[in-house]
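Below: the structure, in structure tokens.
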Amino acid sequence: MATINKPQLKVAAFRRFLSVVLLTLLGVLLLIFLLGTNSTSNFVSPPLDDIDEVSYTNSHLREKLGFPEQSKLSIKLEKRNQLPPRNIDLYPNLAKDHITIVLYVHNRPQYLRVVVESLSQVVGISDTLLIVSHDGYFEEMNKIVEGIKFCQVKQIFAPYSPHLFPNSFPGVSPNDCKDKEDAAKQHCEGNPDQYGNHRSPKIVSLKHHWWWMMNTVWDGLKETRGHSGHILFIEEDHFIFPNAYRNLQILTELKPYKCPDCYAANLAPWDVNSRGEQWDGLIAERMGNVGYSFNQTIWRKIHRKAREFCFFDEYNWDITMWATVYPSFGGSVYSLRGPRTSAVHFGKCGLHQGQAENKACIDNGMVKIDVQEIDRIANIKSQWQVQVSKNQAGYKAGFKGWGGWGDERDHKLCLNFARMYHAIDTASTF
């Protein structure tokens with residue numbers, strides 16, 4: 001029988017030990033990898049009751065400004081706003097020249113599904129960040145957004161949405177005046193608009209949400225504050241064509257030298273019923289409200305007009321901009337776009353009709369948009385000339401507004417949104 005000397009036994013034992021160590025290390029690394037993957041790609045925002053530990057910023061400043069006392073739900077949603085975007089593991093790096101997309105929504109899930117599906121087909125969507133801004137908290141809307149897997153996505157919730165305050169301002173207060181009641185005679189609270197009507201919380205939330213969102217995106221979120229490029233804004237009833245993102249990138253590159261006086265770039269004509277001129281040329285026209293984008297420089301000009309925006313008796317944000325803010329800039333406010341639309345407004349019912357109007361909002365529960373092959377690829381050419389559309393119809397300086405925005409409490413809250421991310425002495429000019 002052969003004999004094995006001691007040195008050989010030691011070598012064999014060492015090799016076995018080394019094999020065990022290597023296998024153990026590989027197992028640990030694999031476990032770490034799997035845990036990391038599960039914690040990110042399958043990441044769902046924690047339940048509202050589980051996010052108390054998230055830091056709560058700017059509360060001292062809001063207290064000094066006199067914001068309404070927040071409900072528990074309002075506070076939890078504001079904490080949730082500070083969570084990082086989802087899907088970072090799937091799309092770890094945003095493109096250097098990416099254009100952030102902000103989708104603002106209320107409670108029309110049948111519309112939101114259509115928009116999300118259209119966005120999933122957009123060429124280049126995985127290069128950018130999608131921010132979804134919610135006016136109120138609605139579980140079905142939340143679930144739809146949490147199911148998005150085609151890009152980085154971040155949700156934010158307007159913490160002072162009237163829909164979060166069922167028994168106090170900015171929601172309905174027990175002592176609020178209603179309709180055309182006389183505050184002195186009825187001993188109720190509120191200021192009527194120019195037509196004698198008192199505020200309706202579900203109506204004023206339109207303007208409040210848009211203004212809160214703009215201030216938060218440009219000045220509040222760490223993901224976007226200081227962003228020098230354009231940001232695209234769309235609504236839950238805007239169908240986005242596959243070529244929209246690439247077309248917008250071309251427009252924003254051409255704007256400085258094709259139309260240096262243009263304030264913005266649009267995906268669609270100002271006239272929401274138009275699909276474009278279909279010619280070989282660019283158009284500069286009044287800024288539309290479907291698929292519009294602008295940069296930090298333009299936001300600063302808008303932000304400085306907070307008083308004009310907040311005191312104009314008009315509950316629609318876009319009419320407020322057309323009738324008072326843009327005219328205050330002292331010249332025409334043009335937006336550059338292509339000759340063929342890359343976004344379509346398909347809404348049939350108002351923003352705050354919600355789920356109860358499902359059947360009326362979408363024919364047979366479906367939206368049929370004619371997307372042709374030319375709409376699937378970038379179709380804007382750098383050699384095209386620009387035609388300027390002047391003297392267009394629509395709301396402009398001199399229009400007195402449709403009302404709905406006469407309550408002094410709404411004016412104050414609106415101004416405070418413009419101040420909430422700035423030092424008080426800096427914002428005192430409003």
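Numbers here mean position along the shown chain, with the first residue as 1.
Yeah, the Cβs are placed from backbone N, Cα and C, and that goes for glycine too.
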When you check TrEMBL, which of CYS151, CYS177 turns out to share a disulphide bond with CYS188? CYS177
C-alpha spacing of ASP237 (Mn(2+) binding site) relative to CYS177 (disulfide bond), in angstrom: 33
The one of CYS177, CYS188, CYS259, CYS310, CYS414 whose CB sees the fewest other CB atoms within 10 Å, among these disulfide-bonded residues: CYS188
Counting Cβ atoms within 10 Å across all protein chains shown, which of the binding-site residues ASP135, ASP237 comes out on top? ASP135
Rounded to the nearest Å, what's the C-alpha distance separating CYS262 (disulfide bond) and CYS310 (disulfide bond)? Just drop the number here, would you? 25
